[in-house]
Structure formats: C-alpha cells, structure tokens
C-alpha cells in the first residue's frame, strides 16, 4: 500500500495495490504486520458496517474514554470522510482533515485514537466498513456538531444533510468534552530511549506518568494500573512472559511426545515378550505332541503285530486234525 499524508500528520490515507483483468479485480485490504510496522502498532477488536442513503451525514462521533482508532473504507458508493483532533495539547488540536473515499478509488483512511469521526454521502447511497481498536462504549460517546464554524469543516454538500436526532443534538466545539487522551507538550515528553514512550501516539498510561506537567487535568487522567512502571518495561515483561509461556508449552509438548514414545516402546517390548512366551509355549506343545504321536504310533504297531501273531496261531490250530496233522 501507498501512504498519503493529510492535513493532520497522524491521519493517513492508504492507497492499496489493485490487480484487475477481464474477470474483475483483486486487492489486499489489510495486513496486520505491515500496518503495525508502517502506520501504528494497534490491534483491531471490532469491525462495523453501515449503509447510508443519499444526503446522509453521520457524525462527528468520538469517545472520551475507551478511545477508538478507526481504519475506514467504502465498499459501495462514495463519501467525504472527516477527522477532527480532540486531543488537548496536540499541535493540531481542533483542526480537521478530510478525504474522499469510494468503491472506485478504494482508499482507506486511518484515524487514530482521540479524533472525532464523521462522513457525508456524496452519491445515491454508500456502505462504509471500518475497523476499531477499542469497543463501542455508549456511556462515553460524544457528538460534535457537524457545522460548528469554530472548526469550519468544508463539507461538499449541495443541500442540507439528513441527520439523526443524536447528531442534531451535537455539541459545539466550546461545549464539547474533549478526549481523555492528552497530547503532552514537548517539554514534558520523555525521550524514547528513557523507556517511557513506545509509540508516536501516547497512551493514557504515558500521560499519567507525566501528570505533574498537566495541572488541572488530574481528574481526567487515569492512574497507571502498573504503579507507574514505564511502558517499554511493561511491554518487555509481557514479551518475556509470552516467551516463557511459549517455551513451557513447547517443553510440555516435548515431554508429552517423549512420554508417548516411551509408552509406545514399552508396549512394543511387552508385546514382543508376550509373543516370545507364546512362541515358546507353542514349540513345547509341538514337541510334546510329536512325542505323544510317535508313542501312540509305536504302540499301535506293537498292538497290530500282536493281533497278527494271534491270528496266525489260530489259523494253524484250526487246520490241524485230531492227530495233529493239518487238513487241507
């Protein structure tokens, strides 16, 4: 993908590489490793899909807590997509950037955490799909009015937009509650080498680490759950725990494999021993059977010889006359 800068340095326009032929087209819309390396180290947890008719304007929406980063693209129609920086302390605080997203140009807009987001439909209808880095929280959702002159968004509208009751009741810039995500000034922002800031976009934990540099904002700044441990140290410990867990899992699998091999080997040895016992018993049985068979055959031969001798004697006796002579 190609990365295109916008009026806000943290808001990026992404142009995908599209392959077309007579059958249609193919493109890769998202690759996690590339996005984390080139745009922001974020994990998306929710994806939304909206359909809007002609003249609809949605926004400007943001959450003061559980701030959401959004990766927006259009799958049907065309919209003008807008982001407004709501981070106090940011060099672009209160400024906006916009881009035209359509199913034809297939652009995507990355809007980091701490920005308000909205869009208006430019054609007959539009379908918008966007990924979020945090879950939707209606309790902390805020609406910034779409036409506040203090911001001065240049919506490309021909007629008055169609708005929801919630968007109609949006607050002006002066009334709106700003994002809980703070952008610290350069004087209090520690060096990356100090192991405190791990990314270009600070987190609430990082703001809490330098809260003494932001007087008056203590009630909005969450206490670090880790007790003020630097972010890089936390990430390093998480990686170590993950590596240890992975190594332990491999060891368990290795042990299971060894145990299975040992059990299989023992089973084979046991089976071999059993076969040997049966073979020995069968050989002994054959020897005994042969001895018995030979003994019975010899006994039969003796018995037959004895019977033949008796028959011959009886035959001679029957052929003798009274004087002891044989008769014809």
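Cβ atoms here come from the backbone N, Cα and C positions, even for glycine.
For residue 61 (active site, proton acceptor), the same-chain residues that are 6 or more apart in sequence and have a Cβ closer than 8 Å to its Cβ are 116, 117, 118, 141, 142, 143, 144. What Swiss-Prot records for 61 is active site, proton acceptor, and it gives similarity to another entry as the kind of evidence.
Note on residue 130 (active site, proton donor): other Cβ atoms within 10 Å of its Cβ, all shown chains, come to 22. Per Swiss-Prot, active site, proton donor is recorded for 130, and the stated evidence type is similarity to another entry.
For 23, 28, 46, 47, 48, 58, 70, 117, 141, 166, the entry in Swiss-Prot reads substrate binding site, with the evidence type similarity to another entry. Less than 8 angstroms from the CB of residue 70 (substrate binding site) sit 109, 110, 111, 117, 130, 131, 132, 133, each of them six or more residues away in the same chain.
Across the annotated binding residues for substrate (23, 28, 46, 47, 48, 58, 70, 117, 141, 166), the two most widely spaced Cα atoms sit 43 Å apart.
The Cβ neighbour count for residue 46 (substrate binding site), using a 10 Å radius over every protein chain in view, is 13. Non-local neighbourhood of residue 48 (substrate binding site): 129, 130, 132, 136, each in the same chain, at least six residues away, with C-beta under 8 Å from its C-beta. A strand conformation is recorded for residue 70 (substrate binding site) in the three-state DSSP classification.
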